[in-house]
Amino acid sequence: MLSLVGRVASASASGALRGLSPSAALPQAQLLLRAAPAGVHPARDYAAQASAAPKAGTATGRIVAVIGAVVDVQFDEGLPPILNALEVQGRDSRLVLEVAQHLGESTVRTIAMDGTEGLVRGQKVLDSGAPIKIPVGPETLGRIMNVIGEPIDERGPIKTKQFAPIHAEAPEFIEMSVEQEILVTGIKVVDLLAPYAKGGKIGLFGGAGVGKTVLIMELINNVAKAHGGYSVFAGVGERTREGNDLYHEMIESGVINLKDATSKVALVYGQMNEPPGARARVALTGLTVAEYFRDQEGQDVLLFIDNIFRFTQAGSEVSALLGRIPSAVGYQPTLATDMGTMQERITTTKKGSITSVQAIYVPADDLTDPAPATTFAHLDATTVLSRAIAELGIYPAVDPLDSTSRIMDPNIVGNEHYDVARGVQKILQDYKSLQDIIAILGMDELSEEDKLTVSRARKIQRFLSQPFQVAEVFTGHMGKLVPLKETIKGFQQILAGEYDHLPEQAFYMVGPIEEAVAKADKLAEEHGS
């Protein structure tokens, strides 16, 4: 049976080879060479290729197949390069397709940036001659746009003359800046144990419902107001309701001003209901807006991405639609490349900086999953949100032992900050080690020294909680922003034993240490009466 299959295969192969005589093969090879756009190099430098390609923008093709979000388009001449944007003609709403693959000599396989309902074979498609271009500049502040730069806030067109392609090269090594400076957020647990670097990349890791989006909203509230620069928020594959809530909260807090041009933030949304093409590109759209402020205006920009996992997830969907063989856990084989291409553009140059805060959903709370694990390599600081801490009612539910920062170094943060942070982590680690003994034998079996460790650790654990301004309506506590000096002083005094006499509940949901003392006095009065 096998030999028969082999004979048939070899016969068909030789038949195919006989059919393709040298004289027939030569013009075909020449045709393929002619079809390649000018300035294209063999390297997979698609962004540069798309930008360097001739900007004719007049090639017209026709749709030959529609398979969900994948559309095949045939061009009789002028095959568009990879990553070029194509526009479908004869539709009420604008539909942009991005070239993903070349199938043979005259057909391209594209990914749609919007729904493909109503598309029919034979419809005309126009090559724009460039990658997707979006509006950039101060006019984008206070506005919401989608992946292709269309305003979706019902406030008319974005009046700007400046447009930029969403695919670009990362800055050269020579342009990068190496200065290190702490970015104070006003959140105690973050500033003390895993401080953020100005111009760095920060990851917020956590499973479903542990508070990633609330923490991002608080950071926008604290840092955008205190830092005074521009912010860009990219909503990637998250809930539309949260995007809407965020927009209205920004209007109420004055970060977005509808009356004049004093808005501080630009919003770019590609939410859960969007096709995978839009979700895979919307992070790049947000990044392009931020790059303009960094490179052209010399600003220190804050870029918030919620959620970077959805970027990977959308890339995985696109990869499957294009028929690529999946890699580990079903992710796309180009996972590290896709992530690296985007993350390398988020950097600090000599002109300005982009500090990015990225919420990272951790599937099934598994930090070894390829999506969060690939993201780890790019980050300067990681803030890990823990379900176990959230279950204790301690918010923000930041894990003080798992969260890390590259700048937690005495040469950068200073000896006092470093010593207090390490002291806090040591006492919390000791408490964690004693928990098994407490569970089996109870507190009474501990030595006096261990009892003191447990008492201080529980106070520190509660003092790491903090009421947020954006969560006032849920908690009933007024939001607090704590300066770094106050944070260090408070934890230093708890470690020194100055507040051993206060009850641990006095340290829960307060700002600086003075509030804990006042709360303890209030509790004593209530208890006394």
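Using N, Cα and C of the backbone, Cβ positions are placed for all residues, glycine too.
Taken from Swiss-Prot, the feature transit peptide covers 1-46.
A C-beta separation below 8 Å, combined with a sequence spacing of at least six in one chain, links Ser106 (O-linked glycosylation site) to Gln74, Phe75, Asp76, Leu79. Under the heading O-linked glycosylation site, Swiss-Prot lists Ser106.
Long-range Cβ neighbours of Lys124 (N6-acetyllysine) (same chain, at least 6 residues apart, Cβ-Cβ under 8 Å): Thr60, Gly61, Arg62, Val88, Gln89, Gly90. Following the DSSP three-state reduction, the secondary structure of Lys124 (N6-acetyllysine) is strand. Summarising the annotation, Swiss-Prot assigns N6-acetyllysine to Lys124 (among others).
Residues annotated as N6-acetyllysine in Swiss-Prot: Lys133 (among others). For Lys133 (N6-acetyllysine), other Cβ atoms within 10 Å of its Cβ number 17. Annotation note: Lys133 (N6-acetyllysine) sits in a strand segment as assigned by DSSP.
Take the CB of Lys161 (N6-acetyllysine) and look out to 10 A: across all protein chains shown you find 7 other CB atoms. Residues or ranges marked as N6-acetyllysine by Swiss-Prot on the basis of a large-scale study or a structure entry: Lys161 (among others).
The N6-succinyllysine feature in Swiss-Prot is assigned to Lys161 (among others).
The annotation N6-acetyllysine is assigned in Swiss-Prot to Lys198 (among others) on the grounds of a large-scale study or a structure entry. Taken residue by residue with DSSP, Lys198 (N6-acetyllysine) is part of neither helix nor strand, so it is coil.
Among the features that Swiss-Prot reports, ATP binding site is placed at Gly209, Gly211, Lys212, Thr213, Val214, Arg239, with the record citing similarity to another entry. Taking Cβ-Cβ distances under 8 Å and a sequence gap of 6 or more within the same chain, the neighbours of Gly211 (ATP binding site) are Leu385, Ala390, Tyr395, Pro396, Ala397.
The Mg(2+) 1 binding site annotation in Swiss-Prot covers Thr213. Within 10 Å of the C-beta atom of Thr213 (ATP binding site) sit 21 other C-beta atoms, taking all shown protein chains into account.
Proximity of Glu238 (Mg(2+) 2 binding site) to non-local residues of its own chain (separation of 6 or more, Cβ distance below 8 Å) is seen for Thr213, Gln271, Met272, Asp306, Asn307, Arg310, given in sequence order. Taken from Swiss-Prot, the feature Mg(2+) 2 binding site applies to Glu238.
Annotation source Swiss-Prot lists N6-acetyllysine at Lys259 (among others), citing a large-scale study or a structure entry. For the recorded site, Lys259 (N6-acetyllysine), the DSSP three-state label reads coil. Around the Cβ of Lys259 (N6-acetyllysine), the same chain contributes no residue under 8 angstroms that is 6 or more positions distant in sequence.
Annotation source Swiss-Prot lists N6-succinyllysine at Lys259 (among others), citing a large-scale study or a structure entry.
For Lys264 (among others), the entry in Swiss-Prot reads N6-acetyllysine, with the evidence type a large-scale study or a structure entry. Following the DSSP three-state reduction, the secondary structure of Lys264 (N6-acetyllysine) is coil.
Under the heading N6-succinyllysine, Swiss-Prot lists Lys264 (among others). If you draw a 10 Å sphere around the CB of Lys264 (N6-acetyllysine), it holds 20 other CB atoms from the protein chains shown.
Feature annotation from Swiss-Prot assigns phosphoserine to Ser433 (among others). The 10 Å shell around the Cβ of Ser433 (phosphoserine) contains 11 further Cβ atoms across the protein chains shown.
Taking Cβ-Cβ distances under 8 Å and a sequence gap of 6 or more within the same chain, the neighbours of Lys480 (N6-acetyllysine) are Gly186, Gln466, Pro467, Gln469, Val510, Gly511, Pro512, Glu515. The N6-acetyllysine feature in Swiss-Prot is assigned to Lys480 (among others).
Calculated from their C-alpha atoms, the gap between Val214 (ATP binding site) and Lys522 (N6-succinyllysine) amounts to 29 Å. Per Cα geometry, Lys264 is the residue among the recorded positions Arg239, Lys264, Lys522 nearest to Lys198 (N6-acetyllysine). Counting every protein chain shown, the number of other Cβ atoms lying within 10 Å of the Cβ of Arg239 (ATP binding site) is 14.
Looking only at the modified residues Lys133, Lys161, Lys264, Ser433, the one with its C-alpha closest to Arg239 (ATP binding site) is Lys264. Other residues of the chain with a Cβ within 8 Å of the Cβ centroid of Gly209, Gly211, Lys212, Thr213, Val214, Arg239, the ATP site, are Gly206, Val210, Leu215, Ile216, Glu242, Ala359. In the three-state DSSP scheme, Val214 (ATP binding site) falls into the helix class.
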